[in-house]
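Working notes, beginning with the structure itself.
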Amino acid sequence: MAFNFDAQEILDRALDLWNSIPQAGQWALAGLGALYVAQPVLSFIQLFLNCFILSGTNLRKYGKKGTWAVVTGASDGLGKEFASQLAAKGFNLVLVSRTQSKLDTLARHLELRWSGLQTKTLAMDYSQDNDADYERLAELISGLDIGILVNNVGRSHSIPVPFLETAREELQDIITINCLGTLKTTQVVAPILAKRKKGLILTMGSFAGVMPTPYLATYSGSKAFLQHWSSSLASELKPHGVDVQLVVSYLVTTAMSKIRRTSLLIPNPKQFVSSALSKVGLTGNEMFPNTYTPWWSHAAFKWVIESTVGATSGVTIWFNRKMHVDIRTRALRKAEREAKKQ
């Protein structure tokens, strides 16, 4: 069957249809069309402003000098840097991590550096999911004027691994630490923030929580869980004056990432945490509410993906799979070389 298309006839019919719409309807449709076309432009402008022009919420909103901040996973990496920079801003610290000796060393260092700083420490292994540990945390912070909670504790896979080959202990630890540990800590600390009618909860997210990541499937799922949990919690605690924000990051030079060199796309912990604490509340161009990507190149990279192929598209998943297969291959070869040296 042959179809004959008359372009002029199609155009005339389209114009007739348009003219049959009441003028108010025409204006409404034109406005919707303009918004659709303008949305990427407005999103890019918001991205630029957030990255380079605007400052986030002043942390003094959450308490005067001497207010306490709780930091989990505090002895290394981003957690250690959050503790250091919060101390520099005048917050006393409750430091929670697995190794008491590391906590003691960090606490002494910060107290010597910042005159008048007070610290409290709690060694707990989040992978054990021990209710007694959370009871000790509740007892430790009882009576403290806490203004900030940083949910930084987390674990990823040792190397990219197919889900069917993931060790059961590793799978269990990732879910227990990233999900249960974050939730239970927040249940202990958040009532204090809500009672004082002001507070901030920062929870570390990840690109892997926004973009499905093969060969890191369990970690990716745990961070996606935190994304939705954090957005939901933000709505619940807003009437109580508590701001809840998910902090999205790509790669940072930490022990978890196993990356040592910085680059345009990979900041060090000091750079990343500085941006995280200075950009609180700048969430205008994000897919999810109450979420922000503080490091400028991470934010730009994420915006490009979301504005083109899409964060959850087949193309993005394929690229993530290829990248992590390559990382796994290199890691296994390195392990083989080291084994031969022994």
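Each residue, glycine too, has its Cβ placed from N, Cα and C.
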(request) Check Swiss-Prot: it lists Val70, Asp133, Asn152, Tyr219, Lys223, Val252, Thr254 as binding NADP(+). Then name which of Asp125, Asp243 it lists for that same site. (result) Asp125
(message) Neighbour count, 10 Å Cβ-Cβ cut-off, for Asn152 (NADP(+) binding site): what number do you get?
(response) 25
(message) List every residue in the same chain as Val252 (NADP(+) binding site), at least 6 positions away in sequence, whose Cβ is under 8 Å from its Cβ.
(response) Gly77, Leu78, Ile259, Ile266, Pro267, Asn268, Pro269, Phe272, Trp295
(request) Just jot down the residues in the same chain as Val70 (NADP(+) binding site), at least 6 apart in sequence, with C-beta under 8 A of its C-beta; none if empty. (result) Leu93, Val94, Val96, Ile141, Ile146, Ile148, Leu149, Val150, Thr185, Val189
(message) Helix, strand or coil for Lys223 (NADP(+) binding site)? Use DSSP.
(response) helix
(request) Mind giving me a neighbour count for Tyr219 (NADP(+) binding site)? Other Cβ atoms within 10 Å of its Cβ, every protein chain shown. (result) 26
(message) So if I measure Cβ to Cβ from Asp125 (NADP(+) binding site) and keep only same-chain residues at least 6 apart in sequence, which ones fall under 8 Å?
(response) Arg98, Asp133
